[in-house]
């Protein structure tokens with residue numbers, strides 16, 4: 001019993017000391033490449049200890065989010081959903097006052113109040129607190145505008161499960177009914193979550209000692225990129241690729257675990273959040289519409305695209321969806337890395353490369369998503385041209401994937417900098433057991 005208690009204490013202890021250390025000697029293999037890139041293999045490595053406090057914080061704020069979502073779902077079900085308006089005396093204009101004036105502001109302001117009350121500093125716990133609120137806000141808009149999937153409005157419980165779940169259920173395209181999860185689906189989700197977890201641990205082990213920027217590019221040195229050559233520099237693209245893979249795996253892990261839990265607890269099948277967009281997307285619309293964070297795509301489609309499409313063109317609606325995406329990512333940047341965020345102390349050997357003086361600036365996430373919205377519009381316009389259609393069909397698949405990724409990869413630091421340089425991934429490391437270089 002004493003040994004078990006000592007083990008728990010060691011796991012719950014500060015991450016400033018590794019569980020075990022070992023040395024890797026100097027080697028001549030790949031000296032030229034590593035010397036040029038700034039990567040050094042030899043040194044002292046350590047095994048990190050996962051923090052129980054990290055997992056307790058994430059679990060607690062997620063429970064708070066779900067309780068809040070259940071409360072809001074009841075208000076929306078009885079007073080906002082068009083199918084239930086005949087049972088109340090509330091007018092359409094008052095519905096918008098309730099939604100835009102009360103519910104949505106509460107969704108966005110509640111995390112600030114929780115941070116003020118608790119002093120949460122871990123960026124991932126803050127992210128876990130605030131991300132579901134974005135879902136709730138978009139689902140409030142879809143309720144006001146009449147784009148809620150009809151099948152989830154059959155009862156208050158059905159709607160509560162749908163609304164308070166920070167992911168996307170799978171609906172049958174023909175019947176519109178929710179797809180039931182089979183044992184095969186649950187097994188596949190479990191395998192997918194395990195693979196994503198292992199990939200995360202490997203990426204953390206490889207790149208955490210460089211704060212996920214192993215190549216000495218201008219952006220890694222916090223210098224401004226001023227020319228196309230700077231954006232296409234191989235070191236810069238290498239760091240941007242690592243950024244893209246880290247966020248794909250991080251969001252994919254959250255989505256896989258959420259889908260697994262939902263399928264087990266509700267019996268309904270959830271969508272696969274990440275479908276390997278960085279390595280398999282064949283067009284910008286395929287990347288953003290069918291592969292990258294599919295759960296958020298569904299919320300944006302019903303909460304932004306369809307309402308705007310009622311009064312405008314599909315081009316404008318698509319661009320507005322990307323603007324909305326940029327806005328909520330700026331909100332996440334402010335909450336995770338700026339609001340009441342204490343200066344980081346350089347006492348964690350697993351985050352030695354982190355610049356503790358870095359202060360994120362708002363605007364870069366918005367610029368990134370507006371750029372990709374414009375790219376989507378251009379894609380739609382070029383897709384009508386027969387010459388472009390013929391050109392695209394003649395290229396090998398790997399080249400199509402490469403060209404697709406290159407529409408966003410050179411600008412990935414616009415998205416990643418406010419999170420990575422402020423320590424989001426270092427905070428993410430607190431919950432896991434992995435190997436990394438410490439000296």
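Note that Cβ sites are derived from N, Cα and C of the backbone, with glycine treated the same way.
Automated prediction, rather than curation, is the source of TrEMBL annotations.
According to TrEMBL, the domain 'Wax synthase' annotation covers 273-338. The feature transmembrane segment is assigned by TrEMBL to 54-81, 93-114, 190-210, 241-265, 311-329, 394-415.
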Reported in the order helix, strand, coil, what are the DSSP residue counts of the domain 'Wax synthase' (273-338)?
52 helix, 0 strand, 14 coil
Given a Cβ distance threshold of under 8 angstroms, which distant residues of the chain, six or more beyond its ends, lie next to the transmembrane segment (241-265)?
165-167, 169, 181, 185-186, 189-190, 192-193, 196-197, 199-200, 203, 207, 212-214, 271-274, 276-278, 292-295, 405, 409, 412-413, 415-416, 419-420, 425, 428
Could you give the mean pLDDT over the domain 'Wax synthase' (273-338), rounded to a whole number?
92
